[in-house]
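Novice: Not my notes, these are from TrEMBL:
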type	residues	note
ACT_SITE	Ser116	active site
ACT_SITE	Lys194	active site
COMPBIAS	65-79	compositional bias 'Basic and acidic residues'
REGION	1-83	region 'Disordered'
TRANSMEM	88-111	transmembrane segment
Amino acid sequence: MTGTEDSPPEDSPSAAQESALDSETKPESGAGADSAPRAESGPGADSAPKAETGRVADSAPAAESDPRADESKAEESNPKKRSTLRELTTLAVIAIVLYYVMLTFVARPYLIPSESMEPTLHGCATCVGDRIMVDKLTYRFSSPEPGDVVVFKGPPSWNVGYKSIRSSNTVLRWLQNGLSFIGFVPPDENDLVKRVIAVGGQTVQCRADTGLTVNGKPLKEPYLDANTMMADPSVYPCLGSEFGPVTVPPGRLWVMGDNRTHSADSRAHCPMLCTGDPTPGTVPVANVIGKARFIVWPPSRWGGVGSVNPQQAQ
């Protein structure tokens, strides 16, 4: 009995063995089992993914927010903007130069300020007058002919008493000159528009019994309209005082407005009812600016300006 009760100390080696076994198995499950996973999931697993995901994730935001990248993009876009601006500026300068050349040598718009050419050209001080395009090329190669509607600079004797229509304010005067250049206000010079009735070498006169004649032959003038005048041409053929005969000097023109009772033309500027020196009442061909071709404004008046030779009835 005592021996069996003392037998448990013999089992102590088995407990030691179990503890030894436990100590042997623990390192396997602890150090051995933990070391491999830690190697895979710790240093090995963390290093590669972190390096890859960290670099990839960080690289995109860095490229977007990098000031140097923004500067490089700005530097790339700025030359394009500067190039576009230079092109637009160049085109604008070319357009202005071409427009100036056209107005100076080819054609120019003019505003009709008075009713002296009614009904062919409409104008008055308080209304929207016709804006016409004047051909400046034709008379570089030919001379004005009877029936042409011409714009010309008034001779000195025609400018007596002429007052400038420009403002005394420098800025407003500059603006008026600019608008005049494109035909929105009348020119400051005494530029006039009339119809050529006779040219150098021809003789003009008007008598109550014969009406207006050139070289003794009556004229046919379909552009006259009794509704725009203060007299009926069938009753008062001269539509004013009798005058002449006047022989037009070479290189000069006899001009008259279509609205005969409202036009200060050649009749009004020659002395002694045009029986004396014909020079003051005639216009030098050199003063002619150009030939009226089109009415460009207002739209309701669009159309050509007819050149009707009144001497064709001869």
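Backbone N, Cα and C define each Cβ position, glycine as well.
Automatic, uncurated: that is what TrEMBL annotation is.
These figures come from a predicted structure and were not determined experimentally.
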Novice: Is the transmembrane segment (88-111) packed against any residues at least 6 beyond its ends, judged by a Cβ distance under 8 Å, and which are they?
Specialist: 123, 129-137, 151, 180-187, 191, 193, 289-290, 292-293, 296
Novice: Give the three-state DSSP assignment (helix, strand or coil) for Ser116 (active site).
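Specialist: Ser116 (active site) sits in coil per DSSP, no helix or strand.
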Novice: Just to confirm: which same-chain residues, 6+ apart in sequence, have a Cβ under 8 Å from the Cβ of Lys194 (active site)?
Specialist: Ser116, Met117, Val149, Val150, Phe152, Val255, Met256, Gly257, Ser263, Asp265, Ser266
Novice: Ser116 (active site) has how many other Cβ neighbours within 10 Å of its own Cβ?
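Specialist: Result for Ser116 (active site): 21 other Cβ atoms within 10 Å.
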Novice: Using DSSP, would you call Lys194 (active site) helix, strand or coil?
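Specialist: Its secondary structure by DSSP: strand.
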